[in-house]
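The block underneath contains the structure these notes are about, expressed in structure tokens.
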Amino acid sequence: MEAPTESSSSQQPVLHPELDCSWKPFDRNNYKQLLGAMDYSFLCAYAIGMYLSGIIGERLPIRLYLTVGMLTSGLFTCLFGLGYIYDIHSLGFYIFVQVANGLVQTTGWPSVVTCIGNWFGKGRRGLIMGLWNSHTSVGNILGSLIAGYYVSSNWGLSFIVPGVIIAAMGVICFLFLIERKHKPFFFSNRCLLLLGQESIGVCVPVQQVVVLKSEAEPSAISFMGALRIPGVVEFSLCLLFAKLVSYTFLFWLPLYITKTAHLDAKKAGDLSTLFDVGGIVGGILAGVLSDKLGKRATTCAVMLLLAAPTLYGFSMMSQFGLGPTIGMLLVCGGLVNGPYSLITTAVSADLGTHKSLKGNARALSTVTAIIDGTGSVGAAVGPLLAGLLSARGWDQVFYMLMTADFLALLVKESHIHLGCPGCV
């Protein structure tokens, strides 16, 4: 349940081993390609919709926009599970639900990052957003555990239960979300003059009055205006490659563990959650380091540099039993998801409040959507490439992941070389 509406992405990977065994049209001969197509349809819709979502969200009340997105996300997630309940075997049905789900879930991330950015300043933003962003990994873990619990008995419930949860949270969001801090000012008057019919002034002691200051809001930034903010393009491209690696792990790790460690779907799903556990630690660590150093780009670059050989180490160590696999999963999760977390939270908030905007806070949603939308292109391409390359052997998949990681590092190095004040 990422950010906070990406609820179907953590369920489907756990179902990969189950669907290839017994559920048409995902038969044994071409299940990898079909599952890859479903993953791609969801992520491609999410990537395209994200660019529009930020622009729309900048112009609507965040609370209402986020609530509608969470309710409709719950609806489409439940629809996917109902395909099992009502014995629907049409590939078109599942792809339609995935595309619709991908579109409505784009309401989530720009909205929540904008809310957090409105509430907290830049000083300790890395730490605060690193802690806050752990909800994405917690959602992935819960989604995988719920899916794993039902996967062998009734995989439809693997979608219906999370769908109900996200819809219920949408109602809570509508009732209790406060979009931003208000700046009050005070009347210091200690008495109030009351005029009656006879125009006689009466001085009545009153309590201090708090009035919420209302200021005319500046107009929302345009798409091209957001692209011109220094650092937006570079960080967007870096996230494209970083998210490619992260989402390939998210979507294909359970199946990889099933095939290499010879575990059943439930155990593989449970084990794959360790990647997200490492991601929680990595996201917090990246935030703390970037606050201490004051250099978010450099923090990302160091973690990306360490991630590439770690990915190769995971592909080697996973063949030597459960213990080494667990250790490498935790390390890989931290190094891969650390930069990903930092870019989608603190960096996006920094750029959305960049000094070139001259105090205009109505750029956060659009900047966040551009960065995450570009990253989601990588998230869409990664699982698709993994589905194609895995037919030639899992080594090819890991070579692809390491290449993407090095490309993310190259983009980041070019950004550091050019220099972006406040971001390096």
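For all residues, glycine too, the Cβ spot is worked out from N, Cα and C.
The domain 'Major facilitator superfamily (MFS) profile' feature in TrEMBL is assigned to 1-420.
What TrEMBL records for 34-52 (among others) is transmembrane segment.
The transmembrane segment annotation in TrEMBL covers 64-86 (among others).
Summarising the annotation, TrEMBL assigns transmembrane segment to 92-120 (among others).
The transmembrane segment annotation in TrEMBL covers 132-151 (among others).
For 157-178 (among others), the entry in TrEMBL reads transmembrane segment.
The transmembrane segment feature in TrEMBL is assigned to 232-253 (among others).
Annotation comment: TrEMBL describes 273-290 (among others) as transmembrane segment.
Feature annotation from TrEMBL assigns transmembrane segment to 297-314 (among others).
The transmembrane segment annotation in TrEMBL covers 326-349 (among others).
Touching of the transmembrane segment (132-151) and the transmembrane segment (157-178) is concluded from the presence of at least three CB pairs under 8 A, sequence neighbours closer than 6 excluded. Fewer than three CB pairs closer than 8 A are found between the transmembrane segment (326-349) and the transmembrane segment (34-52), and contact between the two stretches is not assigned (pairs 6 or more residues apart). Counting Cβ pairs under 8 Å to the transmembrane segment (64-86), the stretch among 34-52, 157-178, 232-253, 273-290 with the most such contacts is 157-178. The list of residues near the transmembrane segment (232-253) in space but at least 6 beyond its ends in sequence, with Cβ under 8 angstroms from a Cβ of it, reads 9-10, 12-13, 16, 39, 43, 140, 226, 272, 275, 279, 297, 300, 304, 307, 311, 332-333, 336-337, 339-340, 343-344, 347-348, 351, 367, 370-379, 381-383, 385-387, 390, 397, 400-401, 404-405, 407-408, 411-412, 414-415, 418, 420, 423.
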